[in-house]
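What TrEMBL lists as active site, nucleophile is A:THR179. What TrEMBL records for A:THR146, A:LYS168, A:THR179, A:GLU259, A:ASN378, A:SER383 is substrate binding site.
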2 protein chains.
Amino acid sequence: MSVTAAQGFTAAGIAAGIKENGNPDLALVVNNGPRLAAAGVFTSNRVKAAPVLWSEQVLKGGQVSAVILNSGGANACTGPKGFQDTHATAEKVADTLGLNAAEVAVASTGLIGLLLPMDKLLPGVETAVGQLSEHGGEKAAIAIKTTDSVHKTAVVTKSDWTVGGMAKGAGMLAPGLATMLVVLTTDADVESDVLDRALRAATRTTFDRVDSDGCMSTNDTVLLLASGASQVTPEYGEFAEAVRAVCDDLGQQLIRDAEGASKDIKVEVVNAASEDEAVEVGRSIARNNLLKCAIHGEDPNWGRVLSAIGTTKAAFEPDQLNVAINGVWVCKNGGVGEDRDKVDMRYREVHIVADLAAGSETATIWTNDLTADYVHENSAYSS
Amino acid sequence: MSVTAAQGFTAAGIAAGIKENGNPDLALVVNNGPRLAAAGVFTSNRVKAAPVLWSEQVLKGGQVSAVILNSGGANACTGPKGFQDTHATAEKVADTLGLNAAEVAVASTGLIGLLLPMDKLLPGVETAVGQLSEHGGEKAAIAIKTTDSVHKTAVVTKSDWTVGGMAKGAGMLAPGLATMLVVLTTDADVESDVLDRALRAATRTTFDRVDSDGCMSTNDTVLLLASGASQVTPEYGEFAEAVRAVCDDLGQQLIRDAEGASKDIKVEVVNAASEDEAVEVGRSIARNNLLKCAIHGEDPNWGRVLSAIGTTKAAFEPDQLNVAINGVWVCKNGGVGEDRDKVDMRYREVHIVADLAAGSETATIWTNDLTADYVHENSAYSS
């Protein structure tokens, strides 16, 4: 499982003392080759954390030999000193492992606006290097948790190659990615430009459509590393689908673990004039706080779906809109449809279909309900 | 106070039985002239309730002799029958008062997707007509309440003319107006095109910048009626300022009564390159659920302000952003500023200043915190 499912990778996860509670907080993933190809996707937030600025530069070279990730501090909005700390972390990893720092990616998650305790982090790098193992993927996945209640890993195994990965993220989950750190690894023998193409295609319809609370992070990082250790170069379509499947699996795990949520809501927009419009409408529905409260209360409140659709610029006629909740078409032609009492909302999974009757395109956005627990968790946690 | 503060208006508020709990639910405002000038602003939601579609047509004539408003049902997403019901309501008012139905505006608020009980509403119109009074403004304001905890009225009195009004709204408060029904009246002798200009100027910087929960209603209606009874035609600037002041007062009352809120948050964006960008940034901050939770927890979490700014297209450099919370510049130059422990957040009013350092334009958005009470109220109320 995790980042060590594919051949050619070792990993470690340790407690460096960055988190005051002593939980694991430092993860290291090393690509032992023979290939060091890599691709990355980062937050589209214009306020980017220091490690994002650093890793974006690293990924331009298309080679990553190691990724060092810490929880317990985002190193965002920390100015030049924060960037120097990221740089020093990469240098420390490179020195200890005999690598080139320009090929060491860095990722951080946690509080915004605080400098990392480098006196703990740098010695932690040495400890992590000492514990690198081809069975270390699970520990690495645990070390990147923040408010996550569980660690998240996924793997797709083909006959002679594998794609695996780990993710963290539980809040500030919105597109342009959700707040997440994700490292994917594969032993397929694939060049960085192919990795890049497959990763962008995968994130576009998975992580980018996870929209738990509409809040976009400063630190989102998704990396895909290829070791080539299987000596197999898969056909592109098959490889891309494996990457997509791992991303989809991890994305679903993020939704299921979203802070305080009691419902996982699949918002499927159908018969849109374009995919972009389907996404726009899906996001508008997924971000409607009143609807999210109604779903929490197991109220199939289609009026709030329509009022959310009505705020978009997508092509539709109000009197042709249809909405189904858990299979019951409670709104037909913009008005009352089937009996809303038929809607069974007792289960965690809720499926909303919004039919725009304006074309043939579709998109699905994943979100959660809005709960008192979300409020409690986020009024106490300073991030 | 309210809609009968100005000369030339009578009003009534009664319980017609639309609300099952027997509370007042039908309000009537009549302009007795001599002038019948009017202007209106309506929701920009593309899913518009039947009364909005009707009243938009009425307002095109620039004359309104009466406004009939009901709570207890939005008459939205109710198809052709819903529109017929709105039409029948206007006809009933016109018949009973000897008016032209094409000059009777209709407004509704409450549940979406349910037809109004016309067997109760139409007799209610007769009752309301029988109770019309120049002291009826207060009762009218009470009859339009839904989840409002208090009724809202405001008045500006000049030496020889007056602008007064009433408002309802407590949730689904977002721009393109907040979910609100507002009727303003004046005895100034002003033509409809001047009313329209003054009303649009006023709502643009008041109701349109109230953004309690980011949710835009299907029923928003703001009407301004002029009777001319004072026989005074004020200078435009003075009149427009009076209209703005009444709108501002009512808008503040909406924020203070927002569902479940414990904090009223003034988000002031300064030094933006344009007013539009200031508004865009202000809305992004005001709609950030994580920040709204932090404010609820009295946590001066400026990192969440920066991450919200970062999602916009406004001109700024991340390392030049400054943020003050309740007067303390907790973020300077995109990083840590003054000690956040200096921020006093014990009071209901919270003032966030976001300095984009990109120009000289400014805008203020008003919002609320996100609370467990908001979740509870809106997971139980089907609207």
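A Cβ is built for glycine as well, from the same backbone N, Cα and C atoms used for every other residue.
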Checklist entry - Looking only at DSSP and grouping its letters into three states, which state does A:THR146 (substrate binding site) belong to? => result coil
Checklist outcome for this item: One finds that other Cβ atoms within 10 Å of the Cβ of A:ASN378 (substrate binding site) number exactly 29
Checklist entry - Around A:LYS168 (substrate binding site), which residues of its chain at least 6 apart sit with Cβ under 8 Å of its Cβ? => result A:SER71, A:THR109, A:ALA141, A:ILE144, A:LYS145, A:THR146, A:ASP148, A:HIS151, A:LYS152, A:MET180, A:LEU181, A:VAL182
Checklist entry - Hey, what's the Cβ neighbour count for A:THR146 (substrate binding site) at 10 Å? => result 24
Checklist entry - Hey, what's the Cβ neighbour count for A:GLU259 (substrate binding site) at 10 Å? => result 26
Checklist entry - Under 8 Å Cβ-Cβ to chain B, which of the binding-site residues A:THR146, A:LYS168, A:GLU259, A:ASN378? => result A:ASN378
